[in-house]
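Participant: Encoded as structure tokens, here's the structure I'll be asking about.
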């Protein structure tokens, strides 16, 4: 089918789409066969009614079928957030990814430029000197040689160009805010996945289970799409096909609570400077919150069994210079410098 109208009519009637219907609808959206008005109407019908697990699974299946893929080790992990929390923090997942790579776990990081903040992962890494517009072979080399590779979302999801203008005109969150982090081009099966609202914790864990993930922690920390050290982080953890929920506090990571202002960042250049300070030995709230996210990621990766052990290994990665070396190698390989 190449006509969105039947799916639009069903969504507008507040009826849920089946997984297969959702995939067909998103195939139409992302192949340029729907008008801007149809795209906007369909996305808002889903948003107002509330997207279902089956609809998200179908939409992700469509996105994954069209993306430019990257080869990565089977045990690679991604640390990624949906964005949309409007918090303007430092690039926590970026530093956490480098720490995890320095600890010996391959990272296939997926990200984009900022949408609701001043600096997304892509802005931060570009300011650090990482080349973004590279092909799958170079990214695979980055993962193999640096322990971490960055997949710039717009390079891997070209079909999104068909819905981009409608999303901009709508000016509000749509299902696509959720789909990017669920569509990792390296097909990772282990993730630390931050979400902008706690309402999505369990539903996205269910989505990842249905899509075949092995271990995923979906987290929301005190308004952030990260594990936070400002207060309580809520977690829905997918492990061995089962989902459990729990909470984490700064004390669980052995760090002192901070306030949001302590981890507020700036643009890509400012955040790059802050990241370099931590690599240089600065002991501050940015270091603490990044270590916390890295520690959880090391548990998810199966590298350690406890958060405590994860914090120990993450701190070793940072303090030994292994994290800085991972960044240096990522910059060199992405720029194809021998």
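Backbone N, Cα and C atoms are what each Cβ position is placed from, and that goes for glycine too.
Sharing the record's features from Swiss-Prot:
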BINDING   81, 84-85, 89, 91-94, 109-117, 121  5-phospho-alpha-D-ribose 1-diphosphate binding site
BINDING   81, 112  anthranilate 1 binding site
BINDING   93, 226  Mg(2+) 1 binding site
BINDING   167  anthranilate 2 binding site
BINDING   225, 226  Mg(2+) 2 binding site
Participant: In whole Å, how far is residue 93 (5-phospho-alpha-D-ribose 1-diphosphate binding site) from residue 167 (anthranilate 2 binding site) when you measure between their Cα atoms?
Facilitator: 25
Participant: How long is the line from the C-alpha of residue 93 (5-phospho-alpha-D-ribose 1-diphosphate binding site) to the C-alpha of residue 225 (Mg(2+) 2 binding site), rounded to the nearest angstrom?
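Facilitator: Approximately 10 Å lies between the Cα of residue 93 (5-phospho-alpha-D-ribose 1-diphosphate binding site) and that of residue 225 (Mg(2+) 2 binding site).
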Participant: Cα-Cα separation of residue 110 (5-phospho-alpha-D-ribose 1-diphosphate binding site) and residue 226 (Mg(2+) 1 binding site), in Å?
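Facilitator: It is 15 Å, counting Cα to Cα.
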Participant: Does anything in the same chain, at least 6 positions from residue 113 (5-phospho-alpha-D-ribose 1-diphosphate binding site), have a Cβ under 8 Å from its Cβ, and if so what?
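Facilitator: When sequence neighbours closer than 6 are ignored, residue 113 (5-phospho-alpha-D-ribose 1-diphosphate binding site) has 120, 122, 123, 154 within Cβ distance under 8 Å.
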Participant: Fewest other CB within 10 angstroms, which one of the binding-site residues 110, 167?
Facilitator: 167
Participant: Given the binding-site residues 89, 93, 112, which one is most crowded in terms of C-beta atoms within 10 angstroms?
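Facilitator: Answer by Cβ density within 10 Å: 93.
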Participant: For residue 113 (5-phospho-alpha-D-ribose 1-diphosphate binding site), what is the secondary structure by DSSP, using just helix, strand and coil?
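Facilitator: In the DSSP reduction, residue 113 (5-phospho-alpha-D-ribose 1-diphosphate binding site) maps to coil.
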Participant: Long-range neighbours only, meaning 6 or more apart in sequence with Cβ under 8 Å: which ones does residue 81 (5-phospho-alpha-D-ribose 1-diphosphate binding site) have?
Facilitator: 93, 181, 193, 194, 195, 196, 225, 226
